[in-house]
Amino acid sequence: MTWTTPGIDFLIRHVFIPASLNYAALYLGTYVLSLHAPQWLIFSGAVVLIPARLIASVVYTYRKHIGEAEARGARLPPVIDTQSFGNWKLMLRLEEAMTAGYPGDDFWDFVEQHGSTFNLRLGFEDVVTTIDPEYLKRILSTEVEKFEKGEDFRHAMESVLGSGIFNSDGAMWKFHRSLARPFFARDRVTDLERFDKHIQKGVQIMKARMETGYAIDFQDLMQRVTLDTSSEFFFGTCINSLEMSLDNLPLPYNHPRHEDSVQEFSNHPENAFSEALLKAQFIASQRDRVGWIWPLLEIFGDRTKKHMQVVNAFLIPVIKAAIAKNVDTIEQDETKEVNEEFERDGTFLDDLSRQTSDFTILKDQASNALVAARDTIASSATFLFCMLSQHPEVMARLRAEILNKVGPSRIPTYEDVKDMKYLRAVINETLRVLPPVHCANGAFWPSAKPNEKPLYIPPGSHILYSVLMMHTHEEYWGPDAAQFDPDRFLDERKKYLSANPFIFLPFNAGPRICLGQQLAYNQLSIIVIRFLQAFSSFTLVEAAFPPDARVPKEWNGEFKGRKSLERFRPKAVISMSSEGGMWLKALPVDQE
């Protein structure tokens, strides 16, 4: 019901309509049986029947699942039970960990107590969580047709991602993927010159900030670089977020004008698109965490609406122009080969609009591509340079490889990048210790341990899997799993990955593997090369972070994973980012 709010729509479907039907049934029953019940009693009964029916359904379903598991000689995953209605105490605990803790907080304790797979059981729904690569192999590859994102996930993300490739299942997902796949041909994603001019602008901005003596928010810089690169690459129209003057970029906390700059930055029109996209994604991720009752938080309106209006103000004219440009091609014979100029210079949107003129399909594909390209590459580049700032020996070795292969100023070719083994190892290690997280949905699994009964995952269960935790688990990566060490992709420790490729999933796997994987590797590579040609060292400036974004003292303890090692606060929205930015200083090569 697009004319209502998500909350009102939810109440109509789950409260008003059921209550009305209950009232009608009770009223009719009293009339037929000649019972004289006051209206208030009938009305109260109609309302009370709603939670009563829910509780009865929950109890019945749980007992049914136990019976189904026993009939198969299996067991249900252990439940994290807080002895609270709908496990609301666990909901609050997880939300607090998500907003103020380290990604994976509490989950490591659950793994320690219950093994690699367990059921959070949130809001009366099964939310099975796993970090076991054998189960992920089933989810993503061997039994992928049994696992879907599910209606609840799609509904939560719909106002941001539409029904695009990252928010669809079944035939719709296959359709979107078939439309997008041809564009990611080798010639396009290996043409590094496409990205260089925007990266060079980023280099110049960083040099200018370094001349002031203050740190730069490298995360903001990378988001601008990737936003401009992606918008031009996919749409042929650049957002020009790098055109802001140095004075309008965010200032560090230790700068006298920090407070003023925060306000000016938020209100600057050049930031409108980026800020709107980020806020819309944050709201969508909140919805997903809250679960199926998220519309109750949006009684008075869709919280993503005003942000998506800003995003769509850019996308809609670009999409309409692409449709108009290619309308003649759509009417021609589909088997006709496109001309050489399009093969070389055509954009993602051009390619799509030659296959369909459906505005909604084009808009959903465009928004999904932009979110994926901007966030994944920007986050990975941000984390990579943070790791270099903390590991000067890695920085020195990587820079030596770059200068030896490419020199101090030449733009790299795809062949250059292919030959730089240590560069790929550094990128892979960054993706290992700080990857994105994905979700999937339910089936029957044998136990990963031979002496245990197989696990029965009831149909319709929500399944969460933490790539971050799996990537830093000693069982899969060895005793130094939490340490940042690119050599693990080059030395004898490769045996862990060779034995089980599903322990490393930065770009998903199987039929749902990211179409832009090679594009991301190549764009990350040229970003690293160009910045290391221009700067000889990087330093993380913790004093530049806002106080509430700094690593708390409580993290200096014994923890599983990387929590005690981090010097910034990772934040998980739809993709990973750094709370409060990533404040770095760099030494330009001409000042060595």
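Including glycine, each Cβ sits where the backbone N, Cα and C put it.
Following the DSSP three-state reduction, the secondary structure of C514 (heme binding site) is coil. Per TrEMBL, heme binding site is recorded for C514.
Annotated transmembrane segment per TrEMBL: 12-34 (among others), in sequence order. Note on the transmembrane segment (12-34): residues 1, 4, 42-43, 45-47, 49-50, 53 of its chain, located 6 or more positions outside it, place their CB under 8 angstroms from a CB of the stretch.
Remote same-chain partners of the transmembrane segment (40-62), defined as residues 6 or more beyond its termini with a Cβ less than 8 Å from a stretch Cβ, comprise 14-15, 18-20, 22-23, 26-27, 30, 124, 458. Residues or ranges marked as transmembrane segment in TrEMBL: 40-62 (among others).
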Tertiary neighbours of C514 (heme binding site) (same chain, Cβ under 8 Å, six or more apart): A372, T376, F507, N508, A520
